[in-house]
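Asker: The structure that follows is given in the form of structure tokens.
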Amino acid sequence: MVLNVYCCFFQISDIQTMKINQTILKEFILVGFSVYPHVQTFLFVVFFCLYLLTLAGNLIIMGLTWVDRSLHTPMYLFLSALSFSETCYTLTIVPKMLEDLLAKDRSISVTGCSLQMCFFLGLGGTNCIILTLMGYDRFLAICNPLRYPLLMTNIVCGQLVASACTAGFFISLTETALIFRDSFCRPNLVKHFFCHMLAVIRLSCIDSNHTEFIITLISVSGLLGTLLLIILTDVFIISTVLRIPSAEGKQKAFTTCASHLTVVIIHFGFASIVYLKPEASGDDTLIAVPYTVITPFLSPIIFSLRNKDMKNAFRRMMGNTVALKK
């Protein structure tokens, strides 16, 4: 009898504890860089400068493409779409991160967290697909130059970009719904500087291994699928370029593809580290910095530095600005 009462008492205690832990959470706390308190001010200055330069670079590319009619071609429309997507991608993550570097309150509502995650995944997926479409555009231009104007018009380009956004956000909505269908338990500490899906999944009240496996499978499949398509188009491009008789033609073709390949290597290289690294190795917060801050910063620089059309358009714009002032 005494033993039964004793067992009942502890069962009730366990149930009460479980109910407390499974209380519906209204907010998460982003741990972020609070584990590095001595360098937070330095990190704020560095990330803020990179943030401004990223916005400036992408806005210049979008502005030039919009203003200069010579850039109203599929190649630059894809580049402008990528710049717009990366600008939104940066705005989704960096402002909140900068705020948390200076603030003591690092909370984010559950709704805000789900929206941030959805936009982060959707825009990240859109970037991958647009990079793939840019490779396909170069493939058509180099391997099928006579049919290129018929196959890739500005209207087709717009339709492909819209499809990329739709596909990217369809996947992101699916992943976000899978994650937020479960309830979350305390402690509500997200060990990241934004609502990264793997960091949030681990706060689930139930065993999240199955959900984590599905999310990882979807993300890795998306990354590898788009990367394989890019590699395939590049193989055809290289084989075609090597058959071009003139050295000038080869150089022009390689220059056109070099910027795209560089961005692809950086983008997919940094993103793949998140899913291919061993679970217990390294700090997820530091590993996320390259693909959330550095990649969007480097992309406009790489695409603009060796691009003569962009340079000429920029000079014309600056010349027109100076002429108007006079």
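Note: Cβ is positioned from N, Cα and C throughout, glycine not excepted.
The disulfide bond annotation in Swiss-Prot covers C113-C205 and rests on sequence analysis. The N-linked glycosylation site annotation in Swiss-Prot covers N21, N209 and rests on sequence analysis. Taken from Swiss-Prot, the feature topological domain 'Extracellular' covers 1-41, 92-115, 177-213, 275-284. Sequence annotations record features per position, and here Swiss-Prot assigns topological domain 'Cytoplasmic' to 63-70, 137-155, 234-253, 306-326. Among the features that Swiss-Prot reports, transmembrane segment is placed at 42-62, 71-91, 116-136, 156-176, 214-233, 254-274, 285-305.
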Asker: Suppose I define contact as three or more CB-CB distances under 8 A, residues 6 or more apart in sequence; do the transmembrane segment (254-274) and the transmembrane segment (116-136) meet it?
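Answerer: Answer yes, regions in contact.
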Asker: Sorry to bug you, but what's the C-alpha spacing from C113 (disulfide bond) to N209 (N-linked glycosylation site), rounded to the closest Å?
Answerer: 21
Asker: Before we move on, state whether the transmembrane segment (156-176) and the transmembrane segment (71-91) share at least 3 Cβ pairs under 8 Å, counting only pairs 6 or more apart in sequence.
Answerer: yes
Asker: Residue list, the transmembrane segment (42-62) vs rest of chain: Cβ under 8 Å, 6 or more residues beyond ends.
Answerer: 33, 36, 79-80, 83-84, 86-87, 90, 94-95, 97-98, 101-102, 293-294, 296-297, 299-301, 303-304, 310, 314
Asker: By DSSP, what is the split of the topological domain 'Cytoplasmic' (137-155) into helix, strand and coil residues?
Answerer: 13 helix, 0 strand, 6 coil
Asker: List the residues of the same chain that sit at least 6 positions away from C113 (disulfide bond) in sequence and have their Cβ under 8 Å from its Cβ, in sequence order, or write 'none'.
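Answerer: Residues satisfying the criterion: F28, V190, C195, V200.
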Asker: If you count Cβ atoms within 10 Å of the Cβ of N209 (N-linked glycosylation site), leaving out that atom itself, what do you get?
Answerer: 10
Asker: So which residues does the topological domain 'Cytoplasmic' (137-155) touch in its own chain, when a touch means Cβ under 8 Å and the partner is 6 or more beyond its ends?
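Answerer: Cβ under 8 Å, 6 or more out: 72-75, 77-78, 233, 236-237, 240-241, 253, 256-257, 260.
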Asker: Return the count of C-beta atoms lying within 10 angstroms of the C-beta of C205 (disulfide bond), excluding that atom itself.
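Answerer: Here the count is 14.
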Asker: Could you count the residues of the topological domain 'Cytoplasmic' (234-253) that DSSP puts in helix, in strand and in coil?
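Answerer: Counting residues per DSSP class in the topological domain 'Cytoplasmic' (234-253), I get 15 helix, 0 strand, 5 coil.
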Asker: Below 8 angstroms Cβ to Cβ, which residues of this chain, lying six or more residues outside the topological domain 'Cytoplasmic' (234-253), approach it?
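Answerer: Long-range Cβ neighbours of the topological domain 'Cytoplasmic' (234-253): 135, 138-139, 142-143, 261.
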Asker: Can you break down the topological domain 'Extracellular' (177-213) into helix, strand and coil residue counts using DSSP?
Answerer: 14 helix, 4 strand, 19 coil
